[in-house]
Amino acid sequence: MTDAPEISPLDQARILSEALPHMQEYDEETIVIKYGGHAMGAEDLAKAFARDIVLLEQTAINPVVVHGGGPQIATMLKRLGIKSEFAAGLRITDAATIEIVEMVLAGSINKQLVGYINEAGGKAVGLCGKDGNMVSATKATRTMVDPDSRIEEVIDLGFVGEPEKVDLTLLNQLIGHELIPVLAPLATSSSGQTFNVNADTFAGAVAGALKAKRLLLLTDVPGVLDKSKKLIPELSVKDARRLIADGTISGGMIPKVETCIYALEQGVQGVVIIDGKTPHAVLLELFTNQGTGTLIHK
């Protein structure tokens, strides 16, 4: 890494002046941030992210962090000789895999991120959706068309869940009390079965239940791109649905945008898809006039 360029005192003052109205806008508001993608594997970016989260809390914003862990799960499964299979973009999770998923998400990744935030001066509390029955889920299913028979088939994803209910009792004990919840996307069924939940979907459900001011989805891409691969800075829900229908939004971006739409329908005021590999992406989005990524709104 190269050293960051020097910023003059005058430029520093201008940056702070520009940030002030945004800090006032988000004062005592809840911001849910989904932290994921390959940026999680870069220690410098992870520690910079942790410092940014502490800064939000210090400026009277209530951050709630949801993290993913796909690459780390894949690495551990490979190390243990367990083959990863996917369908419709979701990891097929059998009994052996769910144990590894829970170990990596709720153990390794969650506690590492909690450690980084605490090291930066915050008071992070590591949890997963199972704690306090925070997130209840039902078994997720997907359908795919068989390429030979052209018949639609139901795909059994194993222990993969869709959020059904979010109980805010535990989160409300933390939010606004100088504590930063850091959530691993695991949930339980009514019978006590552990489910692996897509981190974007999990974050959308939590943000919707909290009626958050903003939901930020950190990804490996700059945001939603048009057909010429240029960033679309802003989209209405209507426009987003149109771009899904005409194929502009495709592949793995579709479930992300669908999560955004769901969160907005549940009362979140705005959702932004941003590039987690950009240093201080969260601060750029919240505290600068131009923002970053793609803002989706009603």
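The backbone N, Cα and C atoms fix where each Cβ goes, glycine too.
Substrate binds Gly69, Gly70, Arg91 as Swiss-Prot records it, and from the list Asn196, Asn289 the residue named for this site is Asn196. Here the recorded positions are Lys34, Arg91, Lys256, and the one whose Cβ sees the fewest other Cβ atoms within 10 Å is Arg91. A straight line from the CA of Gly69 (substrate binding site) to the CA of Lys34 (site 'Transition state stabilizer') spans 11 Å. Within the same chain, the residues at least 6 positions away from Gly70 (substrate binding site) whose Cβ sits under 8 Å from its Cβ are Gly36, Arg91, listed in sequence order. Its Cβ taken as reference, Asn196 (substrate binding site) is surrounded by 29 other Cβ atoms within 10 Å in the chains shown.
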